[in-house]
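Heads up: the structure comes next, in structure tokens.
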Amino acid sequence: MNSNISAQNDSALNSTIQNGTKINQFIQPPWQIALWSVAYSIIVIVSLVGNIIVMWIIIAHKRMRTVTNYFLVNLAFAEASMSAFNTVINFTYAIHNHWYYGLIYCKFHNFFPISAVFTSIYSMTAIALDRYMAIIHPLKPRLSATATKIVICVIWSFSFCMAFPLGYYADVYPMEGGDICYLNWPDSEENRKYEQVYQVLVFCLIYILPLLVIGCAYTFIGMTLWASEIPGDSSDRYHEQVVAKRKVVKMMIVVVCTFAICWLPFHIFFLLQTLHEMTQKFYQQFYLAIMWLAMSSTMYNPIIYCCLNDRFRIGFKHVFRWCPFIRAGEYEGLELKSTRYLQTQSSMYKISRIETTVSSVLNTNDEEAEENGKSSKRLSLDLTSNGSSRSVCKTMSDSSSFYSNNLA
């Protein structure tokens, strides 16, 4: 897979070499240049502004610095980078049909944007796995801030390794209509095994595998949060936390589905192009259309966050409070409350739930001891320190010492 417009120029190069000429077949008329200029400019502006605001909302507010949001910062940075370093260059390349930037940037242009695509999808995968551990296995250790940063570094390292062949084999070829940046694979045109193997490998690692992992994780999460009945304490606060947890999962499912839809035509196109080269007249317009769809994935996430998350919405309203038709509302929603207050409130709520559970357990044991002596089971939701629902887990009614340990 190639992340830039050099794919169309690969076909132009191969065709012109076979015909013994050096004429660029993909010169565009002015009206097409104008349309693509507007289309790609929208992506760049919305993506850069939106993702920078997302990073600011999370980094500048302590209340937003959670494991999931750290990965969202990484995702926003990857998408902003892809928009800045890839979309802008493709825009100018499509207008002038000439590579002005030399061999070094040709290699970087093929290498870094693909690294960003890898990082984007694996950041989503990390978020899905973190949500899975938090909700399905709440008693297991969670990622710390340091561990999260290490995972992010591992994701980028893996992304750089996977994108290395694109940077290594990128080359500049002089043509009469202008230089082109293309991938000069070591095998011949008749035997394109290197390219074909790489395309299939990338398709599996950047699309199929992570989406399978994400799909399985959110399936189990959905079964826990929606399919399971929530017994026990029916306080408003308790159910508000469950609803909040569901909203986060819904938001991330929308983000992943958007990414999958935007990038599917792009991956299919490159697989087909690898197996059968296309040099038809409509090739360039078709390529630019699916490239625009793929690149547009970088601008949707900030919009999704703003629509589906209250805190992100507050942050966006605060940034655009200068607009006459936007009411900023209460900016304090992003600020951190007193840590002592939050801990006290959480502890009191947890103690109340523990006392209710223990009382219910003892009463149940007294009633059933005369009949069969069997211990009953009940479903309870373990709560995190901030009051959010962690998971539905089974606890034996006769293990009252478990609750005592948690209380301590």
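Glycine is treated like the rest: Cβ placed from N, Cα and C.
When Asn14, Asn386 are compared with the annotations in Swiss-Prot, the one labelled N-linked glycosylation site turns out to be Asn14. The disulfide bond recorded by Swiss-Prot for Cys181 joins it to Cys106 [selected from Cys106, Cys216, Cys257]. Going by Swiss-Prot, the topological domain containing Val88 carries the same name as the one containing Gly177, and both residues are therefore on the same side of the membrane.
Of the ranges 150-170, 197-221, 251-272, 284-308, the one with the most Cβ pairs under 8 Å to the transmembrane segment (33-55) is 284-308. The recorded positions Cys106, Cys181, Cys323 differ in how many other CB atoms lie within 10 Å of their CB, and the one with the most is Cys181.
Reported as a whole number, the C-alpha separation between Cys181 (disulfide bond) and Cys323 (S-palmitoyl cysteine) equals 42 Å. For the pair Cys323 (S-palmitoyl cysteine) and Cys106 (disulfide bond), the Cα-Cα distance reads 40 Å.
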